[in-house]
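Here is what TrEMBL says about this protein:
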| type | residues | note |
| --- | --- | --- |
| BINDING | G3, A4, G5, K6, T7, R8, R113, Q148 | ATP binding site |
| BINDING | T7 | Mg(2+) binding site |
| BINDING | D25, R49, G71, R131 | substrate binding site |
| DOMAIN | 228-339 | domain '3-dehydroquinate synthase N-terminal' |
| DOMAIN | 342-493 | domain '3-dehydroquinate synthase C-terminal' |
| BINDING | E345, H417, H433 | Zn(2+) binding site |
Amino acid sequence: MMGAGKTRVGKEVAHIMDLPFADADVEIQHDIGMGIPEFFEREGEPAFRKVEADLIADMLEDFDGIFSLGGGAPMTPSTQCALAEYIDRGGRVVYLDADPAEAMERANRGGGRPMLNGDADARWKKLYKERDPVFRRVANVRVRTRGQTPQMAARKVMDMIRERMVHVTGSGIEPYDVRIGEGTMNHLPDVLGEGVARVALIHTQPVQRHSDHARTLLRQAGYTVSDIVVPDAEAGKTVDVANGVWRRLGDEGFTRSDAIVGLGGGAATDLAGFIAATWMRGIRYVNCPTSLLAMVDASTGGKTGINTEAGKNLVGSFYTPAGVLADMRTLATLPNDIFIEGLGEVAKSGFIMDPEILRILEDHASELRSFDGAMFLDSGLKDVVAELIEHTVGVKAYHVSADLKEAGLREFLNYGHTLGHAIEKLEHFRWRHGNAVAVGCVYAAELSHLLGYIDQDLVDYHRSLLDSLGLPTSWNNGSWSDVLALMHRDKKARGNKLRFVVLESVGHPIHLEDPPADAVEEAFRRIQQ
Ligand SMILES: NC(=O)c1ccc[n+]([C@@H]2O[C@H](COP(=O)([O-])OP(=O)(O)OC[C@H]3O[C@@H](n4cnc5c(N)ncnc54)[C@H](O)[C@@H]3O)[C@@H](O)[C@H]2O)c1
Ligand SMILES: O=C(O)C(=O)C[C@@H](O)[C@H](O)[C@H](O)COP(=O)(O)O
């Protein structure tokens, strides 16, 4: 909006990011050879908008830097299309959302604004009403600047435009974004939206520091927050815990217009999503993953659920979050072993789809293996991890977008999980999920090899890569009959037939229906060594 500080803040952002800055109004005046008020007077608004739209389209093609648009520009349909294409090419369109009183005061101060002729405040308010919904729609970054100096606002803009983003869409999915970067939790109020009054913040005790931060953000934005601490890790994914949370929501009067925020590792986000899916048959929820595994996998895609006596994740639903905020600052407190566990799901995504993930893992194996949260944010590893998260969420989004309810393609994300879930259950969940998946991937590779799909080299590659990352590649703590019984309860099984995901090559998974019993058992013998 006029007076929001686009030029002032834009210049500041360009300065701190060492980028060129351009202002659409200055460029236009240069092109038309006169001031904008004069051009408005002589040619009228439609002629001005045409000149403006053409210039913006050219700049979005050719200019690399920070570009400030006039407040009316995004109202022109051709500019809306140009901005959408710019976003598709990886661009960031920032809506600088200022406090109306501050913006009106600044807009009136400067003068020379043809759109504010007459009663300037009334005109400003009318324009705001028309433009605000459009600005929200065309921008992929919204920065609230209430009470902030231009320098503070510029820092906020910079953090936000440096974020990585993966868009998740598809049939049956209300589109949402996974935002990855430092400070992405600041988006919580935007993602929750204005229709929500109460928020249940569901988290575990080890992430208290991060939930305190989230609670502050939520309270500052005006939400009534219920802080709900659930038992840690798999102990939280039970029907008793879910029942306790439902009771709290009932006691505190949660209605359909309220929301859940799930904050923590994958167990906490699985539980929070399940509560959101079931409370009043479904309320809005946002995930704030704080472990690597939850960032790359659990928080996205809408698989929510709890465990039962019969096995892992056997009760749940497909229920999509309104957004995922992977705030890399939370990784500063993550213990090394839990970080490494997350690499199990990262490697899985490399094996089934994205060789670039495998290349990054190979190139940085020893740094990743020595992950130290306390040093992380000031280290070069931060960008490597951000890239791994973006790639891995990209793999997840690809499968989920095409097949939300896991009719076929999405099952490929389950590579390594048929045995992995059985190991977790037989180990009474003392084995971490990502570690069990790592062994499960070696098992699936062995099975692929036994049936002639891949050669021994690729099986060996599974072992050497996972081992270089500090992940386990063997397991020898359970009987074959127990393992087999649990694999029959896997959700991919049909009737009494086992189904697996195996590989034909890196990036080419296939379904394997009812494989020969001796191969299934022999692959197990091979991971016991
Ligand atoms: N829904 C899905 O699509 C999906 C995908 C993959 C895994 N999962 C599920 O996710 C779970 C595994 O997730 P996980 O590996 O995050 O385990 P987890 O949730 O058990 O978290 C591991 C431990 O790390 C702690 N922790 C998390 N973030 C921390 C931080 N920043 N600082 C300090 N401690 C932190 C947790 O409190 C916990 O003690 C499993 O239940 C698995 O089934 C779900
Ligand atoms: O999103 C999916 O689909 C997956 O299979 C991702 C897995 O990495 C994840 O562990 C998931 O929780 C497993 O789901 P399940 O259906 O096998 O319980």
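Backbone N, Cα and C atoms are what each Cβ position is placed from, and that goes for glycine too.
A TrEMBL annotation is a machine prediction, not a hand-curated record.
Overlay of TrEMBL annotations on the structure.
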residue : record                 : Cβ within 10 Å
G3      : ATP binding site       : 22
A4      : ATP binding site       : 23
G5      : ATP binding site       : 22
R8      : ATP binding site       : 17
D25     : substrate binding site : 18
G71     : substrate binding site : 22
Q148    : ATP binding site       : 18
E345    : Zn(2+) binding site    : 30
H417    : Zn(2+) binding site    : 26
H433    : Zn(2+) binding site    : 27
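Most Cβ neighbours within 10 Å among the binding-site residues K6, R49, R131: this distinction goes to K6. Mean model confidence of the domain '3-dehydroquinate synthase C-terminal' (342-493) amounts to 97 (pLDDT, 0 to 100 scale). The shortest Cα-Cα distance between A4 (ATP binding site) and any of the binding-site residues D25, R49, G71, R131, H433 is the one to G71.
For T7 (ATP binding site), other Cβ atoms within 10 Å of its Cβ number 16. Counted with DSSP, the domain '3-dehydroquinate synthase N-terminal' (228-339) comes out as 50 helix, 33 strand, 29 coil. Taking CA atoms as the reference points, R131 (substrate binding site) and G3 (ATP binding site) are 14 Å apart. Within 10 Å of K6 (ATP binding site), counting C-alpha to C-alpha distances, fall the following of the binding-site residues R49, G71, H433: G71.
Not one of the binding-site residues A4, G5, R8, G71, Q148, H417 places a Cβ under 6 Å from an atom of ligand 1. Secondary structure at H417 (Zn(2+) binding site), as computed by DSSP, is helix. Distance noted between the C-alpha atoms of H433 (Zn(2+) binding site) and D25 (substrate binding site) is 55 Å.
Listed in sequence order, the binding-site residues among G3, A4, K6, T7, R49 whose CB lies under 6 angstroms from an atom of ligand 2 come out as none at all.
DSSP gives H433 (Zn(2+) binding site) a helix state. The separation of D25 (substrate binding site) from R8 (ATP binding site), Cα to Cα, is 13 Å.
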